[in-house]
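Below: the structure, in structure tokens.
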Amino acid sequence: MNQPRTIATVSILALCQALTMTCSALVISITALVGEQLAPRPGLSTLPLALQFLALMSVSPGASQFMKRFGRRAGFTQGSLIGIAGGLSGVFAIQQQSYALYCGTAVLTGAFLAHGMYYRFAAADAVEPAWRSRAISLVMAGGVLAAVLGPQIANHARTLIPDAMFAGGYLAIAGLCGLALLLVQFARIPKPSTEERQAGGRPLGEIVRQPALLMAVFCGMVAYGAMNLIMSVTPPAMMGHQHAFGEAAMVIQWHVFAMFAPSFFTGHLIHRFGVRTVMATGVLANLGAVAINVSGTGMAHFAAGLVLLGLGWNFMFVGGTTLVTELHNAAEKAKVQAFNDVLVFGTVAATALLAGVLYDALGWTAVNLSVVVPLLAALTALVFVPRTKREDAPEQGYATGEAGSPTGS
């Protein structure tokens, strides 16, 4: 392994991940507001956001197969171009006050985000097996930059284009995608190996019968689902308990920071203590967040609960991603990673739709308590699902072609 080149590649992937997450933060911040502005009736204001999640889920398997055939760099290039198109179409849709075109914009941004979800797997491709957890962790740390930049860009770009409120946000998305497009050309990501390009490997139905793989995917679903369910209703819950909007925004910003800042050391913890130990710690952190959230509604309760929720998500999600990379061979990589992401981000879409309904019907405490059983199920799986040989010797990895050719793609 050429260490300086590998470090440079992982750093570039981390920056690209940060740019993608910044775009995601921008889209989430403004989509519902623009939908409300353009929708022919109030009930359709959140349809663009739902279309974005559906596009992400639908495009993810195709993006994975495209990267399997043509390489990660080609896939990320394609994704960035789609993102640029989505940003520009968003500007035009808002200027023209076209709800239909804005729905098309949501589909494009969802397709762009589907490609961006594979930066963490690209980092695993770029390093030796023993370094996978740390590479994935460092790429996920790019979210720290998104936590800082996202709110600032959203605020300053909101009125950037006169007479087209929020169009500047989509112009910023096009620019960020353009920057990612340029950066990824310098990443030396290994080309797909001959084994990886082949359509061989076990059928997906056989692969997913591995208890450890099902456990890893399930933990990723629980991590993202629990986090998204609670985070989504935190602002209305805080404002409903007489907290100012600025306080709610601060709590969310600290939460996002807590989601990604631990990534600077999560990989080292996995290497030191093992992936299941770190994931189990994440489950306990999430349960601690629930306990704090239901114990009171002061500013300190919301802040501490959401920070702990972010930490728990990080340990569970980075750990789950690391474990997924250890449970398939090169020829199976594309379909396994797509299977994982469709289920994980399908859970995100479901909880995004469920959160508001559950909060309106039952309240803040019920939202928090609703995640306890899935978290306990994840903890039980981590303890009782048998360990695999690959888990016991992760430094060996799937050396036969997993990382592909040493030349860039």
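A Cβ is built for glycine as well, from the same backbone N, Cα and C atoms used for every other residue.
Some features that TrEMBL has for this protein:
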- 12-34: transmembrane segment (TRANSMEM)
- 46-63: transmembrane segment (TRANSMEM)
- 75-93: transmembrane segment (TRANSMEM)
- 99-123: transmembrane segment (TRANSMEM)
- 135-154: transmembrane segment (TRANSMEM)
- 166-187: transmembrane segment (TRANSMEM)
- 212-231: transmembrane segment (TRANSMEM)
- 213-409: domain 'Major facilitator superfamily (MFS) profile' (DOMAIN)
- 251-270: transmembrane segment (TRANSMEM)
- 277-296: transmembrane segment (TRANSMEM)
- 302-327: transmembrane segment (TRANSMEM)
- 339-359: transmembrane segment (TRANSMEM)
- 365-385: transmembrane segment (TRANSMEM)
>> If you count every Cβ pair below 8 Å, which range out of 75-93, 135-154, 166-187, 302-327 shares the most with the transmembrane segment (46-63)?
In response: 75-93
> Looking at the stretches 12-34, 99-123, 135-154, 212-231, 365-385, which one shares the most CB pairs under 8 Å with the transmembrane segment (166-187)?
Replying inline: 12-34
>> Looking only at the recorded stretches 212-231, 277-296, 302-327, which one has the largest tally of CB-CB distances under 8 Å to the transmembrane segment (339-359)?
In response: 212-231
>> Against the transmembrane segment (251-270), which of these stretches has the most C-beta pairs under 8 Å: 99-123, 135-154, 212-231, 302-327?
In response: 302-327
>> Using a Cβ cut-off under 8 Å, which residues of the same chain at least 6 positions beyond either end of the transmembrane segment (12-34) come close to it?
In response: 45-46, 48-49, 52, 76, 83, 90, 94, 102, 106, 109, 112-113, 116, 119-120, 122-123, 126, 138-147, 149-151, 153-154, 157-158, 166, 169, 172-173, 176-177, 179-180, 183-184, 186-187, 189, 256, 260
> Mind checking which residues reach the transmembrane segment (135-154)? Cβ under 8 Å, same chain, six or more beyond either end.
Replying inline: 10-11, 13-19, 21-22, 24-26, 29-30, 119-124, 126-127, 169, 172, 249, 253, 256-257, 259-261, 263-268, 270, 314, 317-318, 321-322, 325
> By a Cβ-Cβ criterion of under 8 Å, what residues six or more beyond either terminus of the transmembrane segment (99-123) are in contact with it?
Replying inline: 10, 13-14, 16-17, 20-21, 23-24, 27, 31, 34-35, 38-40, 44, 47-49, 51-60, 63-64, 67, 72, 75-76, 78-80, 82-83, 85-87, 89-90, 92-93, 132, 135-136, 138-140, 142, 170, 173, 177, 187, 189, 321, 325, 333, 337, 341, 345
